[in-house]
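Visitor: Encoded as structure tokens, here's the structure I'll be asking about.
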Amino acid sequence: MTQANTISDNSDIRHDWSLQEIQDLLQKPFNDLLFQAHSLHRQFHAHNEVQISSLLSIKTGACPEDCGYCSQSAKHNTEIERERLLPLDEVIEKAKIAKSNGSSRFCMGAAWRNPTDKNLDKVIDMITAVRGVGMETCVTLGMLTDQQSQRLKDAGLDYYNHNLDTSPEFYGNVITTRTFQDRLDTLQHVRDKGINVCSGGILGMGEKATDRASMLQQLANMPQHPESVPINMLVQIEGTPLFGSDGIDSIEFVRSIAAARILMPQSQVRLSAGRHEMSDEMQAMCFFAGANSIFYGDKLLTTENCETNDDLALFGRLGIKPSAADQSELLKAEACHS
Ligand code: SAM
Ligand code: DTB
Ligand code: SF4
């Protein structure tokens, strides 16, 4: 395995960024910004490794929330068919396929405002089974209470995904059915219980550059940075309010990835939804700027992802290898299961 050059002491890790500092970072000459981001990347991470996660929608559609980007909101007129919670055996089968394709983490998403305690029982069975397959687990189920977070921790959940989505200032243009503070509260419950936090957002929803800086500031000034930071580029879906939004310029997108890497040097920065619309060259720039994780597999939750063969070909051209999951905890889970 390729090792990072120097594992830094934590002197580069800050939690007190001003908005102006982040705006200045985003506006640096491109080469200077990428040099800074890539240098930090080499200091904290294996240079040529990318972590790969697979996604599965375990409960699709009919969501009561009104997130303006989302195909699954009952409030939007999209072509998504409502589906019930997937049966356990189907989830296990999908996890085994993802593992055999080289994914180290299996992320399960449900179109809920929040899970009921009954729903949570079933998700916990899925977490136990996926850990038994030997994969890291991540779930994204909407808002959680303190007690639900504890139950997920007890079940051995590795990561909880809950995105800030955008800046507090732009938030009301995107979602009205829950507040920015609701999101912070859920993240706090997850953090308090010692589950790894996966939180990021979406670019290209018509937000301004200051909104991107402000969203990054929210993430970077958390007392502990999210271990995983997914940066999505809006997948425009017909029938959603954000369909037809001004997208984001590709250079601006790469700048945002570089800024995320500089602000949160130890985190995994995931080049998430929207890769399907990106050229190989744009993705290569994102990896150079510090992205070191992707969603792999033909489907995201409801939309197309890049073809796996295309991803493998790109990895080959760039000399990138999938990184291995932290095996110690997983081996314990496998031993318990067998
Ligand atoms: N219902 C749960 C929730 O919202 O917390 C979990 C699933 S939700 C689909 C997870 C995240 O996916 C959203 O917060 C958003 O950041 C991202 N996402 C959803 N639709 C997207 C789209 N069309 N383009 C880019 N990202 C999207
Ligand atoms: C995240 O930040 N992106 C993923 C995952 N977390 C759950 C979801 C992307 C969804 C893209 C649109 C869709 O497929 O419906
Ligand atoms: Fe529901 Fe999540 Fe989609 Fe929002 S993003 S509408 S909460 S599934």
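The count begins at 1 with the first shown residue.
Placement of Cβ uses the backbone N, Cα and C atoms for every residue, glycine included.
Note that TrEMBL annotation is computational and uncurated.
As annotated in TrEMBL:
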type: DOMAIN; residues: 48-275; note: domain 'Radical SAM core'
type: BINDING; residues: C63, C67, C70; note: [4Fe-4S] cluster binding site
type: BINDING; residues: C107, C138, C198, R270; note: [2Fe-2S] cluster binding site
Visitor: If one measures from the C-alpha of C63 ([4Fe-4S] cluster binding site) to the C-alpha of C107 ([2Fe-2S] cluster binding site), what distance in angstrom results, rounded to a whole number?
Guide: 19
Visitor: Taking the centroid of the Cβ atoms of C63, C67, C70 ([4Fe-4S] cluster site), which other same-chain residues have Cβ within 8 Å of it?
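Guide: What remains near the Cβ centre is E65, D66, Y69, S71, Q72, S73, H76, A111.
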Visitor: Mind giving me a neighbour count for C198 ([2Fe-2S] cluster binding site)? Other Cβ atoms within 10 Å of its Cβ, every protein chain shown.
Guide: 28
Visitor: According to DSSP, which of helix, strand or coil covers C70 ([4Fe-4S] cluster binding site)?
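Guide: It is coil.
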Visitor: Anything from the binding-site residues C70, C107, C138, C198 with its Cβ under 6 A from ligand 1? List those in sequence order.
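Guide: If the test is a Cβ under 6 Å from any atom of ligand 1, the answer is C70.
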Visitor: Please work out the number of neighbouring Cβ atoms within 10 Å of the Cβ of C67 ([4Fe-4S] cluster binding site), leaving out its own Cβ.
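Guide: So the Cβ neighbour count for C67 ([4Fe-4S] cluster binding site) comes to 23.
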Visitor: Which one of these binding-site residues has the most other Cβ atoms within 10 Å of its own Cβ: C63, C70, C107, C138?
Guide: C107
Visitor: Specify all same-chain residues, apart from the site residues C107, C138, C198, R270, whose Cβ lies within 8 angstroms of the center of the Cβ atoms of the [2Fe-2S] cluster site, ordered by sequence.
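Guide: Everything else in range on the chain: S53, R105, T140, Y159, N161, S228, P230, S293.
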Visitor: C-alpha of C198 ([2Fe-2S] cluster binding site) to C-alpha of C70 ([4Fe-4S] cluster binding site): distance in Å?
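Guide: Here the two Cα atoms lie 19 Å apart.
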Visitor: Cβ under 6 Å from ligand 3: which of the binding-site residues C63, C70, C138 qualify?
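Guide: Within range of ligand 3: C63, C70.
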Visitor: Quick one: give me the count of other CB atoms within 10 A of the CB of R270 ([2Fe-2S] cluster binding site).
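Guide: The answer is 25.
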Visitor: C-alpha of R270 ([2Fe-2S] cluster binding site) to C-alpha of C70 ([4Fe-4S] cluster binding site): distance in Å?
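Guide: On Cα coordinates alone, these residues lie 19 Å apart.
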